[in-house]
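Reviewing the structure listed below.
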Amino acid sequence: MGSTRDLETEKSDSEEAESGKGTWKQAAFHVATTIATPAAYAPLPFAIASLGWPLGVSSLVSATLATWYSSFLIASLWKWNGEKHFTYRHLAHSIFGLWGYWSIAIFQQVASLGNNIAIQIAAGSSLKAVYKHYHHNGTLTLQHFIIFFGIFELLLSQLPDIHSLRWVNALCTFSTIGFAGTTIGVTFYNGKKIDRTSVSYSLHGSSASKFFKAFNALGTIAFSFGDAMLPEIQNTVREPAKRNMYKSISAAYTVIVLTYWQLAFSGYWAFGSEVQPYILASLSIPEWTVVMANLFAAIQISGCFQIYCRPTYGYFEEGTGLKSNKSTTYFPYRNRLTRLIFTSIYMVLVTLIAAAVPFFGDFVSICGAIGFTPLDFVFPALAYLKAGRAPNNSKLGPFLRPLNILIATCFSLVAILGCIGAVRLIVEDIKNYKFFHDM
């Protein structure tokens, strides 16, 4: 399985199963749905609060620019050696060899699994908030809504590939804009209703606590720009794939900048150091707008979940031959049953963890630190250098190499610090809460 021949077989299967048919606009929907999920930017005000205004603003802006640049680097590596690379891990294999393949495979699985646990908690929290609005004395708990969401995702998991989700993700992108617009507006409204003299922007706790919260915040910011699926998305785009992907990334990041920064800064301004890890938990009035924001969040998260479970499904399909044309022709019903069994096992695992340990902010941070940071910041810079794509004859050539080295070094440090902060907070939360706690 670890041989080059096996990897080439996987690649061949992928080539048969997938071809670029999507437009750049559809790819933009995929990119925006993958990155700009409510679960990603809802914790940003809390991250800013853990860092304070100067460091918080500079960290968010720097991460935005770095990940935008890194996304262009990944898109530019499309057919870098004359071959089409259908997944992130196959791109890594073409540049770094087997160790690159398995490194990306591990990071991608950590990012995908951690992301889906975190956003399933967020989806359950949003659905519970809507339920409580209409049934104040209702007996359903957060765990019930996490299970309901898991059942719905199991149904969506029967769709064959990312391209088949294009209309789902179009709806999700509009839900992203709706969520951001509603939440930002309600945040300003709540902020103006609060006695501004009571709002504090100082960092609370001991010196050690402040440091760990700051480390955790760095992981949260990294998570907010998580996109471990760019090559898979680019594979759905029609030629010219590079140019179309550049358009898709630019369109998606326009949405991101217009939503992330406003929500992060307005949320911290409105509630100061008391802002909650999930911004919707800090909002109270008017109730109908809070309900609407939670509905937008649940809709958007449903598409993001699907994008991130696809790498895991891809491993399974490659291992069992479900992508083989021969297998699909002669055993269609058996393939569907096999897929249903595997996706059911996956959903039960993710749902069980989310329900048992519903610490949204902690999962966000640790997933960002050890999953998304290597994939979105460190690997693109190193891969671009290793592939020798830096233009030596252009005016930018001499600056790109030190820039990429700087990005890879700084965000490797962010990954280490973010992981330390996240693990420490998870340990603290486990001490304070029981498993299956109704948050």
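Each residue, glycine too, has its Cβ placed from N, Cα and C.
The compositional bias 'Basic and acidic residues' annotation in TrEMBL covers 1-14.
Feature annotation from TrEMBL assigns domain 'Amino acid transporter transmembrane' to 21-421.
Annotation source TrEMBL lists region 'Disordered' at 1-21.
Using a Cβ-Cβ cut-off under 8 Å and counting only residues 6 or more beyond its ends in the same chain, the transmembrane segment (53-78) has close neighbours at 31, 44, 47, 84-85, 91, 95, 201, 214, 217-218, 221-222, 224-225, 227, 230-231, 234, 241-242, 245-246, 249, 253, 256-257, 260-261, 264-265, 268, 376-377, 380-381, 383-384, 387, 389, 404, 407, 411. Summarising the annotation, TrEMBL assigns transmembrane segment to 53-78 (among others).
Positions annotated as transmembrane segment by TrEMBL: 99-122 (among others).
Through the fold, the transmembrane segment (134-156) approaches residues 120-121, 123-125, 127-128, 165, 168, 298, 301-302, 305-306, 309, 343-344, 347-348, 350-351, 354-355, 358, 436, 438-439 of its own chain, all at least 6 residues removed from its boundaries and within a Cβ separation under 8 Å. What TrEMBL lists as transmembrane segment is 134-156 (among others).
If you look up TrEMBL, you'll see 168-191 (among others) marked as transmembrane segment.
If one looks beyond the transmembrane segment (251-271) by at least 6 residues along the same chain, the residues whose Cβ comes under 8 Å of a Cβ in the stretch are 24-25, 28, 31-32, 35-36, 41-42, 44-49, 53, 56-57, 60-61, 64, 68, 71, 173, 176-177, 180, 183-184, 187-188, 190-191, 194, 199, 201, 224-225, 279, 282. Here TrEMBL flags 251-271 (among others) as transmembrane segment.
Sequence-distant contacts of the transmembrane segment (291-316), counting only residues of its own chain at least 6 positions beyond either end whose CB sits under 8 Å from a CB of the stretch, comprise 14, 30, 33-34, 37-39, 42, 87-88, 105, 108-109, 111-113, 115-116, 119-120, 122-123, 126-127, 129-130, 133, 149, 152-153, 156-157, 159, 161-162, 165, 168-169, 171-173, 175-176, 178-179, 182-183, 186, 228-229, 232, 280, 283, 322, 339, 342-343, 346. The annotation transmembrane segment is assigned in TrEMBL to 291-316 (among others).
Sequence annotations record features per position, and here TrEMBL assigns transmembrane segment to 337-357 (among others).
Panel annotation: around the transmembrane segment (363-385), residues 39, 43, 66-67, 70-71, 73-74, 76-77, 88, 91-92, 95-96, 103-104, 107-108, 110-112, 114-115, 117-118, 121, 216-228, 277, 357, 400-401, 403-405, 407-408, 411-412, 414-419, 421-423, 425-426 of the same chain, lying at least six beyond its termini, place a Cβ under 8 Å from a Cβ of the stretch. Annotation source TrEMBL lists transmembrane segment at 363-385 (among others).
According to TrEMBL, the feature transmembrane segment maps to 405-427 (among others).
Through the fold, the transmembrane segment (99-122) approaches residues 2, 7, 37-39, 42, 88-93, 142, 146, 149-150, 153, 223, 226, 228, 278, 297, 301, 304-305, 308-309, 311-312, 315, 350-351, 353-354, 358-360, 363-364, 366-367, 370-372, 374-375, 379 of its own chain, all at least 6 residues removed from its boundaries and within a Cβ separation under 8 Å. Residues of the same chain lying 6 or more positions beyond the ends of the transmembrane segment (337-357) and with a Cβ under 8 Å from any Cβ of it are 113, 116-117, 120-121, 124, 142-143, 146-147, 150-151, 153-154, 157-158, 309, 312-313, 316-317, 320, 322, 363, 426, 430, 435-436. Below 8 angstroms of C-beta separation, residues 66, 69-70, 212-220, 222, 357, 359, 361-362, 365-366, 368-370, 373-374, 377-378, 381-382, 385 of the same chain, each at least six residues beyond the ends of the transmembrane segment (405-427), sit close to that stretch.
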